[in-house]
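Trainee: Okay, here's the structure, questions in a sec.
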Amino acid sequence: MKLKRKRVKPIALDDVTIIDDGRLRKAITAAALGNAMEWFDFGVYGFVAYALGQVFFPGADPGVQMIAALATFSVPFLIRPLGGVFFGALGDKYGRQKILAITIIIMSISTFCIGLIPSYERIGIWAPILLLLAKMAQGFSVGGEYTGASIFVAEYSPDRKRGFMGSWLDFGSIAGFVLGAGVVVLISTLIGEQAFLAWGWRLPFFLALPLGLIGLYLRHALEETPAFRQHVEKLEQNDRDGLKAGPGVSFREIATHHWKSLLVCIGLVIATNVTYYMLLTYMPSYLSHSLHYSENHGVLIIIAIMIGMLFVQPVMGLLSDRFGRKPFVVIGSVAMFFLAVPSFMLINSDIIGLIFLGLLMLAVILNAFTGVMASTLPALFPTHIRYSALASAFNISVLIAGLTPTVAAWLVESSQNLYMPAYYLMVIAVIGLLTGLFMKETANKPLKGATPAASDLSEAKEILQEHHDNIEHKIEDITQQIAELEAKRQLLVAQHPRIND
């Protein structure tokens, strides 16, 4: 049976997508703002955990109160995979823009509602139950938030600037933390700790609603990403009708054909988010509860660290466009393995300057991960399953990473060893290193299932020329390999004359 050879049309200049700079800026702003609001809540919750422990879990000793409050923080991560599957399938069916508008609505309302919950003294057991329900609603919406936002930015970004553009997404995360922590410190300082415990802790959560409305306005005004529009345009009419009728996503296909990418995604997210939650969510509680600093003192140190991270974040993304994503994952993992214990030795030194230095070491390591994560993850999967695959893998990983504050607090309480969080980070560093070694480089390459994307016509011509040069090099390599095989064949014939018989 003769196989029919399929002709592939060579790529032309018209096939390179020119990204409009104005739309790109709007896309990054809208995505980063929603992400900032997500982490604003995480920041506020981490920094007021001591207050929530007393409001919702009275009667327990301070250690149990802290673990209970942080456990309430961690439980919603059990819901995130469900949100990831739900919003991921819808995002591949209806597009990224619509889903991101929905997630920010749910997230802002549920965060706002936390500030409305009465204390345990007023409604008893219903207080922690309502808190848990609000956190679960957050977890469900966040299941589609970060992955959708990272895909949105990646599909809008030029290939050569995807690392830099993607880094602004986690810039928004850190900025959200800074805002949340700053608001907590400001309110606590202005009204005093007594009033803050009584009612002041509610005020930061009320800010979520206006922030959410701003984010909704920005996201609603955006167009769908170029990559998703290309995907829909390529579909035949029957396939397009099928797309509207139901999600065209096969999770069996994702698990069987993209399992390597799933493992890379899981490993990178675990390494990044465990470090994230350890530094930015657990550390304020560690400084106040384990090292006995005042709450405001510990928060101010973390705020200073995060402000420094804001300046480093886009630099990491910019450098990753030049040197690739793999080096940052590998170097960051090695650094974390060898510096985790020294950094905690500095943090436990009881000297402010050394404490700051220890936290700064962890922050730079975290920047190495966050600087490349938002640009690396979307590049692992093709357009038609990108949201579903990424949301599923990401939220399974976050399910593990989200337990970090609770696990770290429990390890310290049960062992009375202040270095247990450092040992935990060393284990995570091994996961990060294996991920970095086995992941494929994605920098300066088109997203799977999409045409090349450029900032302007000049860059498009350069990309096209590089593409043609690569084809010529591949042809030359194939020709050389054929010549080498022919030479080996001739040698075998000379050694074994009967081989031609």
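Including glycine, each Cβ sits where the backbone N, Cα and C put it.
According to Swiss-Prot, the topological domain 'Cytoplasmic' annotation covers 1-38, 88-98, 144-170, 217-261, 320-326, 372-391, 439-501. Among the features that Swiss-Prot reports, transmembrane segment is placed at 39-59, 67-87, 99-119, 123-143, 171-191, 196-216, 262-282, 299-319, 327-347, 351-371, 392-412, 418-438. The annotation topological domain 'Periplasmic' is assigned in Swiss-Prot to 60-66, 192-195, 283-298, 413-417. Summarising the annotation, Swiss-Prot assigns coiled coil to 461-495.
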Trainee: Which stretch, 196-216, 299-319, 351-371, 418-438, tops the Cβ pairs under 8 Å count with the transmembrane segment (262-282)?
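Mentor: Stretch with maximum Cβ contacts: 418-438.
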Trainee: Helix, strand, coil: count each for the residues of the topological domain 'Periplasmic' (283-298), based on DSSP.
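Mentor: Secondary-structure breakdown of the topological domain 'Periplasmic' (283-298): 12 helix, 0 strand, 4 coil.
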Trainee: DSSP-wise, what's the residue breakdown of the topological domain 'Periplasmic' (192-195) into helix, strand and coil?
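Mentor: Computed counts for the topological domain 'Periplasmic' (192-195) are 4 helix, 0 strand, 0 coil.
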Trainee: Using DSSP, tally how many residues of the topological domain 'Cytoplasmic' (320-326) sit in helix, strand and coil.
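Mentor: So the topological domain 'Cytoplasmic' (320-326) is made up of 5 helix, 0 strand, 2 coil.
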Trainee: Give the mean pLDDT for the topological domain 'Cytoplasmic' (217-261) on the 0 to 100 scale.
Mentor: 71
Trainee: Please give the sequence-distant neighbours of the transmembrane segment (99-119): residues at least 6 beyond its ends with Cβ less than 8 Å from one of its Cβ atoms.
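Mentor: That would be 30-31, 34, 37-38, 40-41, 55-56, 87, 90-91, 127, 130-131, 134-135, 137-138, 140-142, 144-145, 148-149, 152, 202-206, 208-209, 211-213, 215-216, 219-220, 387.
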